[in-house]
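Report on the following structure.
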Amino acid sequence: MSVNASINLHNTIFSRLMTAPIAFFDINPIDHLSTTINGLVTIRALRAEKHFTNDFNRLQDNHTTCYFTNIAANRALGLVLELIYIFYETFVVIFLMLFTDDISGGTAGLLLFIAINMSWYLQIMVRRSADLETYMTSVERILDYSHLESEVSESGDSCRPPAPDWPHEGRICLNHVSLKYDNATDPTLVDINCEIKGGERVGIVGRTGAGKSSLLAVLFRMHQITGSVTIDGVDTKSIPLHDLRRNISIIPQEAIAFIGSIRHNLDPFSDYSDDRLWEVLAE
């Protein structure tokens with residue numbers, strides 16, 4: 001029974017992580033470390049070692065602060081418990097000295113033995129209670145992972161795969177699009193209306209944080225928006241996420257090369273022939 005429960009819990013957490021919003025992985029420290037290690041080639045190519053080193057040092061300082069605070073709290077708890085037990089045993093000894101005539105030597109020895117052992121067991125109980133509370137943090141994290149918010153459900157009649165030749169033109173229309181991040185007080189995009197024809201080159205100018213990258217995130221449905229985005233007349237909300245993100249691609253500002261061959265980077269799904277890939281490289 002316990003094995004089945006563990007398997008079910010693991011499968012639940014795994015499925016939740018696989019369908020979690022992409023923004024979740026930007027705040028996960030474990031993912032930050034693994035992504036940095038896997039992307040060492042890209043980091044060195046962009047000469048961004050200093051930036052990632054400073055970022056890692058900041059996260060490490062936060063971890064070390066919490067870790068040593070926990071150690072100091074445990075040591076302080078041990079000191080307080082020892083002082084309490086010293087006062088308690090001192091009280092027992094004074095009590096036995098005051099009532100020496102009424103208590104035999106055997107009874108006095110038994111009381112001292114019980115007092116010493118009770119102090120020891122009480123100390124263990126308090127420490128184990130503190131350890132239990134600390135370990136419950138891991139349980140809370142597991143429960144949080146098992147209840148992660150998933151991206152928009154793809155079930156139902158309102159979400160259907162697009163036509164095989166979609167997108168055939170590449171015309172993008174944004175209708176009253178507004179976007180607000182969860183941790184932001186003001187919206188990043190407010191009532192955006194525009195139309196970009198297929199093959200048209202458009203430049204978006206703005207300061208840092210103006211929302212240029214947010215427009216690209218809107219196309220990939222990385223965040224919930226108000227309004228609608230259509231590509232060749234098809235609303236992106238009516239397309240399953242897998243099909244949407246499979247049919248559009250982005251060339252970022254900074255070069256990113258995934259681990260593997262050039263062919264895998266150009267055609268990860270092996271949909272095109274080598275001749276077609278050579279034509280693309282030549283262009």
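Heads up, the Cβ atoms here are built off N, Cα and C, so glycines get one too.
Automatic prediction, not curation, is the source of TrEMBL annotations.
According to TrEMBL, the domain 'ABC transmembrane type-1' annotation covers 32-134. Across the domain 'ABC transmembrane type-1' (32-134), DSSP assigns 93 helix, 0 strand, 10 coil.
Sequence-distant contacts of the transmembrane segment (76-97) (same chain, six or more residues past either end, CB-CB distance under 8 Å): 103, 108, 111-112, 115-116, 119, 122-123, 126-127, 130. Taken from TrEMBL, the feature transmembrane segment applies to 76-97 (among others).
Positions annotated as transmembrane segment by TrEMBL: 103-122 (among others).
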